[in-house]
């Protein structure tokens, strides 16, 4: 009996945390989404969400998130692959991760200068005879900065997956006469899909909800679901509509997680290879 | 192999340059006596002096550090006891659902966490400011502590506890002399991750901070929206040095605990 008491005692603060900060907030978001500005119970927020403004916003948010994830993957996979081939690979990996620990705001702020009208990129373009171009506040700058921010989170899981790959599988494939391309598409990539999925998960969901980068780099031109939520909560003070968008964001998140979800058993048996 | 390794080196070098260039660019211009981030006039420490003479900024810096240390400490305590409770739970299905609930805040977008906490604080009447920011930081740091501590606990052989109990150790003694020392590397890693989560957070703080209270991230955001000031550059120079020191510290803790590096990178 005494054992049981101590165990429950350990768990009390943790349970309180789960109730207050995991379950209650989600419930509150769902609850608030059912009220309009003046506090009347209504389903109008949901109706509004299915009007063209919000559907367009959702679509464009998905499109940007897709582009960001896609380019992150294209850059990250070769990087992770080459990292596993280096000597002292853990040290190199650490060097990749360090920038992700520098405050996000500072990195974004740096790009305001770099992409600015008189910044180094424009100076560089000038050498080749291009006039000063507005790079800041364009789709390009938004996607570039986002990819820059998310790259380490894509590299890490892919690196871990590649690192666990048994090198004798690659040798076997080569011995059996497969070209390096065939080895990659038939052996290496299929065995590291779990890492790729984890990376996609780590990039796609935050990309949907970015709002700081859109404000600073895209100058309000790009509106994501995150920007819309921030707008509703902190600017127009329409918590009901903001909550409704948040409800949909949560639903999208769950869908993405199901799609990129890893079958635990498969993952561990692959990992042990 | 030599052919591929050359292209490989160039590619990797390019990635490293792109990753570090913006940070070095910021720090480089923090020494610029001109007021902008493009014409380097002459070397100066004036922007660093400006950081240290700006009492408001120093207060914000102190606030940020206090929130980070306090939230990491409290989150570590709750997280460690929570994971001990989870590990010794007999009912498997409750344990698994607890673990899924644990991960909700890790995968949730920051904006959703911020918005829902804002509703929560307004509802239960917590004044927006230091308290709400601290509580939020504790709340979103707990799951990462649990994730860092759990593997260590699972690694531990339960016969160690049985042996201690057979030798007459009380519950408290087992906890203090057997369990805690064994999972120490996990606790340190968890504390460290909580610290970086807190220092790095912008979105959640942005939602739950009131008018009078600000952390560094929120302050940098409002400064950056107003335009370029080299004070931010000087700040980033300072932050970069501190981050490097923290990372080196974390690296050594990890080496001692022989965990894979960077297990819990910030999402």
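Glycine too: its Cβ is placed from the backbone N, Cα and C atoms.
Just so you know, TrEMBL annotations are computer predictions that nobody has curated.
Annotated features, as they stand in TrEMBL:
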type     : residues  : note
TRANSMEM : A:12-34   : transmembrane segment
DOMAIN   : A:58-260  : domain 'ABC transmembrane type-1'
TRANSMEM : A:62-84   : transmembrane segment
TRANSMEM : A:91-115  : transmembrane segment
TRANSMEM : A:135-159 : transmembrane segment
TRANSMEM : A:198-218 : transmembrane segment
TRANSMEM : A:238-259 : transmembrane segment
Give the nonlocal contacts of the transmembrane segment (A:91-115) in its own chain as ranges (CB under 8 Å, at least six residues past its ends).
79, 83, 121-122, 135-136, 141, 144-145, 148-149, 152-153, 155-156, 159, 212-213, 216-217
Top Cβ-contact partner of the transmembrane segment (A:198-218) among A:12-34, A:62-84, A:135-159, A:238-259 (pairs under 8 Å):
A:135-159
What residues elsewhere in the chain lie close to the transmembrane segment (A:135-159), defined as a C-beta under 8 angstroms and at least 6 residues from its ends?
64, 67-69, 71-73, 75-77, 79-81, 83-84, 93, 96-97, 99-100, 104, 107-108, 111-112, 115-117, 119, 121-122, 192, 194-196, 198-200, 202-203, 206-207, 210, 213-214, 217-219, 221-222
